[in-house]
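> I grabbed these lines from TrEMBL:
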- N60, D137, T178: K(+) binding site (BINDING)
- G141, S142, G143, V144, D145, G146, P147, D175, A274, G334, H383, D448: (6S)-NADPHX binding site (BINDING)
- K418, G419, A420, R421, T422, G447: AMP binding site (BINDING)
- 9-232: domain 'YjeF N-terminal' (DOMAIN)
- 239-510: domain 'YjeF C-terminal' (DOMAIN)
Amino acid sequence: MKLATCAQIREAETRAIDAGVSAYTLMETAASGIADAIIQQTDARNEEIFCIAYIGKGNNAGDALSVLRRLMAHGWNVHIRAAYSAEDMEGLCQLQWEKFHDAEASTLTTELDVTAEPTLLRRKLADIPRMPIVILDGLLGSGVDGPLKPAIAELVQEINELRRTCSNATVWAIDIPTGVHPDTGEIGENAVQADYTAAIGCIKPGLIADTATSHVGRLVPVPLNDLDIQPEYSDEVIDSPMLSRLLVRRPYELYKNKAGRVAVIAGSIGMLGAAQLCTEAALRAGVGLVVLYCLPETYPLLAARVSPEIMVKQVQTYKNIDEDDAQALLIGPGLGQLDNANQLALHALVSCFDGTVVLDADGINLAAERSWRFEKNHILTPHPGEMRRLLPSAGMNTPRKELVNSFLYNHDATLVLKGARTIIGQRRQGMLYNSTGGPSMAKGGQGDVLAGICAGLAAQGMMPRDAAALAVYLCGRASELAVSRGCSGHERALTAGDTLRHLGAAMQSTADLCY
Ligand SMILES: NC(=O)C1=CN([C@@H]2O[C@H](COP(=O)(O)OP(=O)(O)OC[C@H]3O[C@@H](n4cnc5c(N)ncnc54)[C@H](O)[C@@H]3O)[C@@H](O)[C@H]2O)[C@@H](O)CC1
Ligand SMILES: [K+]
């Protein structure tokens with residue numbers, strides 16, 4: 001999904017309305033997408049769900065009320081906390097309030113809590129049986145102007161307090177977390193801490209600012225096709241509509257020698273698992289053949305350990321690798337320190353390799369130490385520490401986008417700067433920001449899986465930037481599915497192996513255009 005400022009989205013809205021689309025239709029389309037996204041992402045498991053909408057008085061509140069009406073129709077228990085009384089609501093918000101009331105006539109759980117003390121709400125929450133709570137932040141959206149007024153600021157605090165104290169509460173910000181500046185990402189004195197932010201029609205640039213990451217949480221792009229946004233940025237947030245074109249159906253006659261081959265140099269004593277994870281990840285990315293090259297000291301250990309589908313070849317030194325058939329070469333996961341001869345051999349191998357080279361972990365450390373030049377067919381997947389080794393002169397607080405730009409100034413490669421909201425950069429191309437994943441992935445082994453998938457996709461013919469974008473998105477999505485489908489149950493319990501085992505489900509969810 002493209003990036004656009006609040007002013008640009010307002011212009012697009014005016015153009016749409018001039019072309020005959022009503023503001024009400026835009027709101028209903030947005031709300032329908034957001035409600036679908038919430039239902040898709042909420043781990044229902046046949047439980048009842050309690051939803052509280054926090055509303056202001058503008059169109060952002062109108063969106064929240066329209067979403068709430070849909071969730072109520074879906075059988076959820078709903079409740080509203082409003083900053084203002086119904087008479088103060090603006091046009092479309094008031095209309096949505098009336099529609100909500102009409103729809104709600106046959107149910108009994110809703111009230112407009114304008115004056116109620118927060119303690120009443122807490123008592124009410126204590127009374128209801130333990131069930132998942134979804135909190136909607138519909139306080140303020142792109143119409144925000146200046147510091148939050150007290151009526152809004154108080155409810156922001158209440159949302160954050162509920163999130164902090166109720167382990168079963170999930171906060172969904174509608175369009176923007178209230179208190180985060182939509183265009184700059186500056187965080188106000190009070191700002192909602194969201195688990196998900198459903199971005200409507202475009203991504204406001206503030207949502208991908210480093211400062212805003214922990215307030216925005218998982219970005220959920222909700223398309224609004226009636227808006228013809230003309231962005232001045234070429235940067236984009238990766239979403240399933242962007243990637244589904246890459247997951248094409250395979251020809252029936254495909255066989256292993258035509259499905260790509262990856263050569264891997266990974267693993268050392270103490271880090272054998274990295275080789276196991278990255279080779280299996282390449283296989284699961286759909287590649288036909290994976291060959292792992294090992295030095296004599298690791299050969300017997302790795303040969304006994306990696307998946308049976310992997311070919312394991314022993315070489316006395318990396319100079320002896322003669323690999324003409326592979327379309328991708330992956331170097332680095334758990335590789336450890338090499339002697340000088342093997343370092344030189346790897347440089348020579350990379351320099352003459354025509355396919356895609358994926359460098360990760362110790363592969364990056366080696367390249368940084370030896371000041372390798374990176375070319376168009378190279379993908380590097382550094383975490384922030386490895387990035388600092390690639391750019392030793394960069395300041396500690398340099399924004400991540402600037403780090404990527406500094407690197408691309410000197411190198412023609414595709415750079416994947418890992419972290420919350422992984423960034424993918426390539427010269428003369430807009431930056432790509434990932435939307436999937438989360439803190440569940442903060443664990444060893446995830447990078448090995450990512451590197452293996454990158455190499456596996458590239459070996460199947462994907463361009464480096466496409467392979468990197470799809471790999472990053474799939475790893476995040478697979479991790480989310482592993483947590484929500486109960487394989488790891490709680491975000492803390494996820495392992496890289498769980499991510500790997502959910503790769504197929506993530507591919508299907510991406511092809512199905514899930515949020
Ligand atoms: N642009 C579009 O095409 C669409 C926008 N939609 C929604 O509309 C939202 C924008 O709606 P609005 O322009 O009505 O704006 P908001 O709903 O963000 O809020 C505007 C209201 O908040 C008040 N306000 C502004 N700054 C404040 C502050 N610091 N403290 C307290 N109150 C403050 C204003 O006086 C005004 O009453 C978007 O974020 C999105 O949720 C959707 O309905 C879909 C279509
Ligand atoms: K909001």
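The backbone N, Cα and C atoms fix where each Cβ goes, glycine too.
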> Tell me which of the binding-site residues G143, A274, H383, G419, T422 ends up closest to T178 (K(+) binding site) in space, Cα to Cα.
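For T178 (K(+) binding site), the closest Cα among G143, A274, H383, G419, T422 is found at G143.
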> Test of understanding: give the count of other CB atoms lying within 10 angstroms of the CB of N60 (K(+) binding site).
25
> Find the shortest Cα-Cα separation between G419 (AMP binding site) and the binding-site residues N60, D137, G141, G143, A274, and name the residue that gives it.
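For G419 (AMP binding site), the spatially nearest of the binding-site residues is A274.
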> Going by Cα-Cα distance, which of the binding-site residues (K418, R421, T422, G447) sits nearest to G143 ((6S)-NADPHX binding site)?
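Out of the listed candidates, the nearest Cα belongs to R421.
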> Including all protein chains displayed, how many Cβ atoms other than that of G447 (AMP binding site) lie within 10 Å of its Cβ?
26
> Spatially speaking, which of the binding-site residues N60, K418, A420, R421 is closest to G141 ((6S)-NADPHX binding site)? Use C-alpha to C-alpha, please.
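Nearest by Cα distance to G141 ((6S)-NADPHX binding site): N60.
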> Among the binding-site residues listed here (A274, A420), identify the one with the smallest other-Cβ count within 10 Å.
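Among the binding-site residues A274, A420, the lowest count of other Cβ atoms within 10 Å belongs to A420.
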> May I ask which of the binding-site residues D137, K418, G447 is closest to A274 ((6S)-NADPHX binding site) if we compare their C-alpha atoms?
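Nearest in space to A274 ((6S)-NADPHX binding site), counting only the binding-site residues, is G447.
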> Please identify, from the binding-site residues H383, K418, R421, the residue with the sparsest Cβ neighbourhood, meaning fewest other Cβ atoms within 10 angstroms.
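Per-residue Cβ counts within 10 Å for the binding-site residues H383, K418, R421 bottom out at H383.
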> Taking the Cβ of each of the binding-site residues and counting other Cβ atoms inside 10 Å, which one has the highest number: G141, G143, P147?
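The most densely surrounded of these binding-site residues is G141.
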> Among the binding-site residues D137, T178, A274, H383, G419, A420, which have a Cβ atom lying under 6 Å from any atom of ligand 1?
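Checking each Cβ against ligand 1, none of them comes under 6 Å.
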> Sort the binding-site residues N60, D137, H383 by C-alpha distance from K418 (AMP binding site) and give me just the closest.
H383
> Compare all C-alpha positions of G141, S142, G143, V144, D145, G146, P147, D175, A274, G334, H383, D448, the record's (6S)-NADPHX binders, and send over the largest distance in angstrom.
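Max Cα-Cα spread across the (6S)-NADPHX binders: 50 Å.
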> To the nearest whole angstrom, what is the C-alpha distance linking N60 (K(+) binding site) and D145 ((6S)-NADPHX binding site)?
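The Cα atom of N60 (K(+) binding site) is 13 Å away from the Cα atom of D145 ((6S)-NADPHX binding site).
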> Restricting to the domain 'YjeF N-terminal' (9-232), report the mean pLDDT as a whole number.
89
